[in-house]
């Protein structure tokens, strides 16, 4: 497999970008980081078409609603801000966490927003309500909640206490799977049957959500200190990850073999990665504020 660098987006950022995401159509990209601004790009033209400024501290995560008309962002100022994409205005500002908010995620129909914080709590927000209070607080983590994903009826959370917690909304149950190192990234499959878990021991594991068994492991990257996210491609056959050695790594999901890796020019750390929803493209963010789109074939 060959990786081809297609585009470098003019990010304007001089500081680390902590999160980058394609929207559901893949026509637009949102990214944010330590500069406290969310930027929106048109992928085809490569132009930055809007900037959303309003956070008082670094932005650590963001997520879009299903139809891409709104997005939520969070970070060091302990607030979630829900933005109208077209007007650039903040529709809602949600507080309650006692420390920085590391991660946020909408469910499939964007009716629920989950937020995870350094305060070890997960808060669930009803997006159909005008309430500024969470509908539920999940207080099971013993340390910072670093990552959340939602698929089908499962809310899956990773914590620096080394535990993956899976909340089954239908059954009202909690299952816990312990990893020996802090968890930094969680990505659950569309069917909610397995999850991709990154942790601070330079390894990524594929976990069976039903049994809690580790099905596959992916090694070769460097991840010992920072949050470095991993993901699947759109067909969930390839595992992608950034790395603290300035590279992007790809593995075959089934046989665990490393397909390829490539060094990203000008950066020591690749912080985040987002795969295009329909094409064989992915975008990466770096600690030096760069955004690169790659094609794999």
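Quick reminder: no glycine exception, Cβ is built from N, Cα and C everywhere.
Per Swiss-Prot, these features apply:
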- 12-51: repeat 'WD 1' (REPEAT)
- 54-93: repeat 'WD 2' (REPEAT)
- 96-135: repeat 'WD 3' (REPEAT)
- 140-177: repeat 'WD 4' (REPEAT)
- 179-217: repeat 'WD 5' (REPEAT)
- 222-261: repeat 'WD 6' (REPEAT)
- 265-297: repeat 'WD 7' (REPEAT)
Counting by DSSP secondary structure, give me helix, strand and coil numbers for the repeat 'WD 1' (12-51).
0 helix, 23 strand, 17 coil
Sequence-remote contacts (6 or more beyond its ends) of the repeat 'WD 5' (179-217), Cβ cut-off under 8 Å?
143, 146-154, 156-164, 166, 223-232, 236, 239, 241, 251, 253-254, 256
Other parts of the chain folded back onto the repeat 'WD 2' (54-93), taken as Cβ under 8 Å at six or more residues beyond its ends:
18-19, 21, 23-25, 28, 30, 32-38, 40, 99-106, 108-110, 113, 115, 117, 125, 127, 132
Work out, from DSSP, the number of helix, strand and coil residues along the repeat 'WD 6' (222-261).
0 helix, 17 strand, 23 coil
Can you tell me which recorded stretch out of 140-177, 222-261, 265-297 has the most Cβ pairs within less than 8 Å of the repeat 'WD 1' (12-51)?
265-297
At a C-beta cut-off of under 8 Å, are there same-chain residues at least 6 beyond the repeat 'WD 7' (265-297) that contact it? List them, or none.
1-9, 11-22, 24-26, 29, 31, 33, 35, 41, 43, 226-234, 238, 240-248, 250
